[in-house]
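Peer 1: Positions annotated as domain 'G-protein coupled receptors family 2 profile 2' by TrEMBL: 92-350. The transmembrane segment annotation in TrEMBL covers 95-117, 129-148, 160-180, 201-228, 248-269, 301-321, 327-348.
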């Protein structure tokens, strides 16, 4: 990526560039270093590898850059380094917008399929997948509008940040509910049994999946109102409609997500192991093609299940801590397209295609029969009229 070098960077203690005070004394030698601009406006401080958002620095016009301080006086990294999510450069924002738009379209089609055909939502896990798709759809829609809300109204931005916090946490808790239900049904320590669409079981899953995020968000909101300045916890600012600051973001969002991802991974491994054991026990021992076919089928099942587990978010944590832009791009591409993966795994299948074809043929036959019936009735009426005239 082409870059532009600059000669000197002035680091300041204030995190608000509009209120930062000028430094009267000469800079320490350790603070004077080469840096690079990226095409997307991101500024890289070479000695530490830190990447600074365009909103966090200003150019003084003389080859000097003034940025928020992230170093101590001895040049080492400060403990208050911010690890953040959803703060993208212009190029990353465009990429995320494109992927999220495709994801929303895919989720919409998937939801239409599940709503149209009752057979697709017969099991509890199927209904949880439907709820997961709906929640992810809302979360991604809110994410798209998050950038605009900060420029419209600060109160709107705070409200949107709280809803974003709730819906993204709900995406993960619903994902964990699906993982638990699949493990309960297919786990290696269980005999395979059908997870019937029990209303009580479904309501219990939904209650847990929405109750945990609601509790976290309510507690976070209360803390942000009363002691938000002391613990650097707030909802929405001039940069993004999201929960912050850095460490608070990590505690109220990052930690719950890591715990849920670890739970999902455990359930995923046990579920795949259980399905593998079941197939191995039920099949006749043959060499060659049948074994390869069995492995391929198991791989397809694993890919389908993994599309719901949120494992792509691991790249987000790596990117937030490592601050490598390449990892951010991998995270943005994989994560923004989650709805596409779900569509390919659960809606773009032979079974769903056959259901749509059957529905279209049924409608076509019904229309033809109705037209034929109308024609016969018209002919009968016309014949009766002619006889009456005679």
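Each position is counted from 1, following the chain as shown.
Heads up, the Cβ atoms here are built off N, Cα and C, so glycines get one too.
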Peer 1: Same-chain Cβ contacts of the transmembrane segment (248-269) under 8 Å, 6 or more residues past its ends?
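Peer 2: Here the qualifying positions are 83-85, 165, 168-169, 172-173, 175-176, 179-180, 182-183, 187, 212, 216, 220, 231-234, 242, 302, 305-306, 309-311, 313-314, 317, 320.
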Peer 1: Taking the transmembrane segment (95-117) as reference, which of 160-180, 301-321, 327-348 has the most Cβ pairs under 8 angstroms?
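Peer 2: Ranked by Cβ pairs under 8 Å, first place goes to 327-348.
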Peer 1: Over the span of the domain 'G-protein coupled receptors family 2 profile 2' (92-350), how high is the average pLDDT in this prediction?
Peer 2: 88
